[in-house]
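Asker: Take this structure first; my questions come after.
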Amino acid sequence: MTGGFEQTSAAAGLDSGYSTTQSPQATQSPQANESPLATQDSTAPRGSTLTQGHMATRMSPVTSTLETTPFQNFSGYQIGVGRADCTGQVADITLMGYGKSGQYARGILTRLYSRAFIMAEPDGSNRMVFVSIDIGMVSQRLRLEVLNRLQMKYGSLYRKDNVILSGTHTHSGPAGYFQYTLFVIASEGYTNRTFEYIVSGIVQSIEIAHTNMKRGRILINKGNVDGAQINRSPYSYLQNPQSERARYSSNTDKEMIVLKMVDLNGDDLGLISWFAVHPVSMNNSNHLVNSDNMGYASYLFEQEKNKGYLPGEGSYVAAFASSNLGDVSPNTLGPHCINTGESCDNPNSSCPIGGPNMCIAMGPGQDMFDSTQIIGQIIYQKAKELYASASQEVTGPLASAHQWVNMTDVTVWLNSTHTAKTCKPALGYSFAAGTIDGVGGLNFSQGAMEENPFWDTIRNQLLGSPSEEIKECHKPKPILLHTGEMLRPNPWHPEIVDVQIITVGSLAITALPGEFTTMSGRRFREAVQAEFASYGMQNMTVVTSGLCNVYTHYITTYEEYQAQRYEAASTIYGPHTLSAYIQLFRALAKAIATDSVANLSSGPEPPFFKQLITNLIANIVDRAPTGKTFGDVLQPLEPKYRVGEVAEVTFVGANPKNSAENRTHHTFLTVEKYEATSQTWQIVHNDASWETRFYWHKGLLGQSNATIQWHIPETAQPGSYRIRYLGHYRKQDFLRPAVILSFESTSSTFEVVTT
């Protein structure tokens with residue numbers, strides 16, 4: 001039965017983790033085809049164990065640089081950390097996250113990185129990989145290609161069950177690396193240039209970690225972060241039972257979890273932090289690629305630990321990973337009408353004059369750059385405190401479990417007698433409204449509960465009408481886009497979704513394939529922790545790691561779903577999505593706790609589409625103005641600047657996307673200081689430095705300018721400086737293929753003074 005009061009109360013019971021009823025039947029077919037990634041042929045390494053539908057997690061490494069030691073003499077882990085550039089192109093591509101038309105990349109504020117952490121048992125036989133990537137979200141296409149390349153290089157060492165890929169959820173990274181049609185359209189086409197750049201960066205970070213493994217220890221610490229977040233859908237949160245809300249002091253999760261990794265001498269190796277906040281301090285007016293507030297926290301921590309190195313260099317790696325951030329905003333001043341200044345903290349996030357498009361959250365800084373630094377600094381500071389005081393050691397074996405699941409057809413057991421089903425994907429009207437962090441722009445309102453004949457007619461004419469089945473399944477969501485029934489040119493949304501847990505001793509890292517809201521995350525963690533405990537694994541710390549492996553939008557509670565604000569309208573598998581995930585992840589937890597992972601079915605393999613809509617922005621030849629050449633200075637620097645001022649120079653430019661193909665240069669700029677003692681120029685900043693900004697100004701017929709700014713910090717030493725511009729231009733001779741050639745240019749020398 002799926003009706004009325006019984007459904008509401010039963011769903012709340014399961015979602016809350018209060019029910020201990022087990023599903024009496026599997027939620028996917030055991031006859032599903034096995035992925036080629038899940039099994040190995042006769043070339044599998046000696047010592048591996050092959051099982052039907054699953055690769056056992058204990059096996060000998062293929063290639064290894066592990067320091068071997070007897071297990072009984074060493075209780076820690078083998079640990080490897082690695083970081084690699086995954087920025088992609090920084091021009092002629094849409095930024096991924098806000099879905100705002102015209103928000104193209106036009107330069108760079110900070111580089112984007114993939115940060116990989118490998119943890120192995122002392123003898124190296126069993127290992128886990130966690131990768132945090134400065135991108136909006138991990139796409140299924142990215143994950144499948146990364147796993148494919150890891151398999152080609154390492155055999156069965158790194159697999160779908162023991163590798164988690166997690167996006168930080170910055171909204172200022174390039175799009176274009178997706179395969180499902182809705183995301184391809186949002187990206188304005190697929191871009192292999194950026195896809196390849198991100199894939200190679202992820203793989204390289206894992207390779208670096210793999211080759212630098214050493215014996216070490218992992219310490220864990222937890223603490224609350226204040227002043228860095230608000231709930232952006234408080235009226236949805238209030239739909240949850242009062243008795244449940246009373247158990248928590250806040251409508252956001254304030255807890256930060258920190259893993260501290262050190263070698264056996266106590267020397268620092270790396271850090272992973274999980275904290276729930278949207279990286280949207282940089283708003284949808286931004287055009288510079290950057291890693292937002294979480295990336296700024298990583299930047300500060302790595303600069304602190306890698307003293308003397310430029311950003312992106314040095315051996316220490318600090319990842320600030322995403323968590324259940326679905327309804328959590330960093331814009332702590334809250335929503336206000338930008339035309340009148342009055343609060344618009346209401347159920348529809350709408351203003352009396354101008355409607356929902358005027359309701360935008362700000363803060364806490366004077367502008368988005370300032371806000372990014374303030375929030376990032378708060379997060380960094382708490383992580384630094386927790387890191388310094390960490391004393392509880394993580395010990396115990398490693399394990400992992402993974403399944404592919406058809407999320408459109410999961411039978412959810414609400415209790416021992418009642419079931420419900422997940423739905424084919426669909427987006428509600430409030431999806432088009434956007435959020436207070438970035439409005440949709442078409443005057444849709446959050447909390448829409450009824451269809452609109454105007455928009456329905458347009459949709460029906462262009463995309464067809466949603467079936468009665470999908471409308472009934474998603475109630476009370478009024479369906480705007482019935483994506484689960486839209487299959488051309490490829491399916492618009494994924495059906496096959498990864499569910500995955502890796503455990504490191506008493507720590508369980510759950511790989512969430514989307515954005516869980518605050519209460520969803522709480523119910524989920526509680527249910528998974530209880531499942532572990534019921535099978536003998538007591539006091540597990542369950543981490544909700546967000547935006548992992550495949551993107552499926554949002555996951556609200558059943559009660560929040562009834563309010564149909566943006567997050568609920570974007571819960572694409574229907575009102576019982578959270579219940580389904582709780583049920584599926586409990587099954588993984590049980591399998592790990594009972595050592596029966598090998599009995600899990602692998603599930604139906606996801607597709608990898610060959611034909612995709614490609615980005616329509618043409619690759620045209622770069623041209624310099626008559627009498628000029630690439631890198632010529634158009635607007636020179638002043639001869640002298642004080643600290644706190646901005647040094648700015650403009651050059652004849654070329655399209656920066658060329659640098660994602662020809663990587664002769666690894667930065668678009670350097671700020672260099674003259675050292676008189678050695679009579680050399682020393683690089684003090686690159687384009688990964690927060691103090692620098694690279695703006696690209698696109699002109700006509702292949703002409704463009706590049707402006708470089710250095711926001712001179714108070715810590716700058718007085719002396720002589722210069723700025724260099726490093727780029728690539730596209731050239732094509734008659735009847736010859738295009739080539740991409742590098743160039744570089746240097747500004748005039750200028751002085752920096754302190755007073």
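Positions of Cβ are set from backbone N, Cα and C atoms, glycine also.
Per TrEMBL, compositional bias 'Polar residues' is recorded for 1-10, 33-55. Among the features that TrEMBL reports, region 'Disordered' is placed at 1-55. Annotation comment: TrEMBL describes 19-32 as compositional bias 'Low complexity'. The annotation domain 'Neutral/alkaline non-lysosomal ceramidase N-terminal' is assigned in TrEMBL to 77-583. The Zn(2+) binding site annotation in TrEMBL covers HIS169, HIS278, GLU515, TYR554. Among the features that TrEMBL reports, active site, nucleophile is placed at SER329. The domain 'Neutral/alkaline non-lysosomal ceramidase C-terminal' annotation in TrEMBL covers 585-752.
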Asker: Sorry to bug you, but what's the C-alpha spacing from SER329 (active site, nucleophile) to HIS169 (Zn(2+) binding site), rounded to the closest Å?
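Answerer: The Cα atom of HIS169 (Zn(2+) binding site) is 12 Å away from the Cα atom of SER329 (active site, nucleophile).
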Asker: Using a 10 Å cut-off, grab the number of neighbouring Cβ atoms around the Cβ of TYR554 (Zn(2+) binding site), all chains included.
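Answerer: For TYR554 (Zn(2+) binding site), the count of other Cβ atoms within 10 Å is 23.
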Asker: Around the Zn(2+) site formed by HIS169, HIS278, GLU515, TYR554, list the extra residues of the same chain whose Cβ is within 8 Å of the site's Cβ centroid.
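Answerer: Leaving out the recorded residues gives SER322, LEU325, GLY326, VAL328, GLY514, GLY546, LEU547.
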Asker: Within 10 angstroms of the C-beta of SER329 (active site, nucleophile), what count of other C-beta atoms is obtained when all protein chains are considered?
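Answerer: Around the Cβ of SER329 (active site, nucleophile), 23 other Cβ atoms lie within 10 Å.
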Asker: Should any of the binding-site residues HIS278, GLU515, TYR554 have a Cα within 10 Å of the Cα of SER329 (active site, nucleophile), which are they?
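Answerer: Qualifying among HIS278, GLU515, TYR554: HIS278.
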Asker: What is the average pLDDT across the domain 'Neutral/alkaline non-lysosomal ceramidase C-terminal' (585-752)?
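Answerer: Taking every residue in the domain 'Neutral/alkaline non-lysosomal ceramidase C-terminal' (585-752) and averaging pLDDT yields 96.
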